[in-house]
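*Asks:* Here's a structure for you.
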Amino acid sequence: MGDPERPEAARPEKGEQLCSETEENVVRSNEEPLLRKSSRRFVIFPIQYPDIWRMYKQAQASFWTAEEVDLSKDLPHWNKLKSDEKYFISHILAFFAASDGIVNENLVERFSQEVQVPEARCFYGFQILIENVHSEMYSLLIDTYIRDPKKREFLFNAIETMPYVKKKADWALRWIADRKSTFGERVVAFAAVEGIFFSGSFAAIFWLKKRGLMPGLTFSNELISRDEGLHCDFACLMFQYLVNKPSEDRVREIIADAVQIEQEFLTEALPVGLIGMNCVLMKQYIEFVADRLLGELGFSKIFQAENPFDFMENISLEGKTNFFEKRVSEYQRFAVMAETTDNVFTLDADF
């Protein structure tokens, strides 16, 4: 379900296939304003897509670094955790540490090369930067909690050492490698990666916050979940600009496939029961997140699921929570979010 590969019997000869695919991709690109080549792609102003530009400025205003996260109080908590809880957290961090690199590979290899709109390229460039911060943060968390070098190496190589992490990674990597899928299909697929594949794990870490555990881990989780929410919102915005969108059935197929993989990951392969969460409710939460994503993409819900976790009500994956707004207000001092017309030069400042 949701496999972007076509049946073997439907494939033409290799040379013919490459030619027809190239021609087809050129036609697709010329039909899509976002993908149409133009010398305008080298110059940002004047802004042609103000809503895309606003999202770039929001991403810029929410920038943070791994050094801002205080992990000094986490180790005493870590040492008091049960072995099941340590197992769950370390394996979730291993998944996350690998995932941000995969997201960046897609941005570098595909999206940044395909999209010709400078406003969107600015966003992707900044997303690559912040995904590197996320990857550094997860690696730092593993490095802090796991003292055994062999265990640490096992976690850092999760794509090779953990079959259930490999399954999620392979799904995402397949979309990067696929040359036959449309840009719209891949936008949906990576919205699913950041909006569905990450959602249950974010919720599990917020569950630890509800219990008053691991303040450094849970704070970094707040920062990263808000970033990923903004990235998911951006994918939905890009999707709305597409002329040739994939069909609703195709979108629902991709989303349902991601839901199935994520549910299996957190209820069978790495069950949230290890930290005291309810697996049935986690399945429901993943369905709720998927329905919300479908709505943002402009389609009807599949699951009609309610949010079963009250502690997630105030945790938005849309980049609009109190912390984000606090960051925006701080950066306002440096005019990061100001309109260019707001920048007035004066000589009457107090020194």
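Each residue, glycine too, has its Cβ placed from N, Cα and C.
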*Asks:* GLU131, GLU228, HIS231 bind Fe cation 2 according to Swiss-Prot; which of GLU185, GLU194, GLU264, GLU268 goes with them?
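*Replies:* Site partner of GLU131, GLU228, HIS231 for Fe cation 2, according to Swiss-Prot: GLU194.
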*Asks:* From the candidates ASP100, ASP170, ASP178, give the one listed by Swiss-Prot for the same Fe cation 1 site as GLU131, HIS134.
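*Replies:* Candidate in the recorded Fe cation 1 site: ASP100.
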*Asks:* Starting from the Cβ centroid of GLU131, GLU194, GLU228, HIS231, the recorded Fe cation 2 site, name every other residue in that chain with its Cβ within 8 Å, sequence order please.
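*Replies:* Counting only non-site residues, the set is ASP100, VAL103, GLN127, ILE130, HIS134, PHE198, ASP227, LEU230, CYS232.
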*Asks:* In whole Å, note down how far the CA of HIS134 (Fe cation 1 binding site) lies from the CA of HIS231 (Fe cation 2 binding site).
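*Replies:* HIS231 (Fe cation 2 binding site) and HIS134 (Fe cation 1 binding site) have their Cα atoms 13 Å apart.
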*Asks:* Hey, for the Fe cation 1 site built from ASP100, GLU131, HIS134, who else sits with CB inside 8 A of the CB center?
*Replies:* SER99, GLY101, VAL103, ASN104, ILE130, ASN132, VAL133, SER135, TYR138, ILE224, ASP227
*Asks:* C-alpha of GLU228 (Fe cation 2 binding site) to C-alpha of HIS134 (Fe cation 1 binding site): distance in Å?
*Replies:* 10
*Asks:* Within 10 Å of each Cβ, count the other Cβ atoms and name the one among the binding-site residues GLU131, GLU194 with the highest count.
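*Replies:* Of the binding-site residues GLU131, GLU194, the most buried by Cβ count within 10 Å is GLU194.
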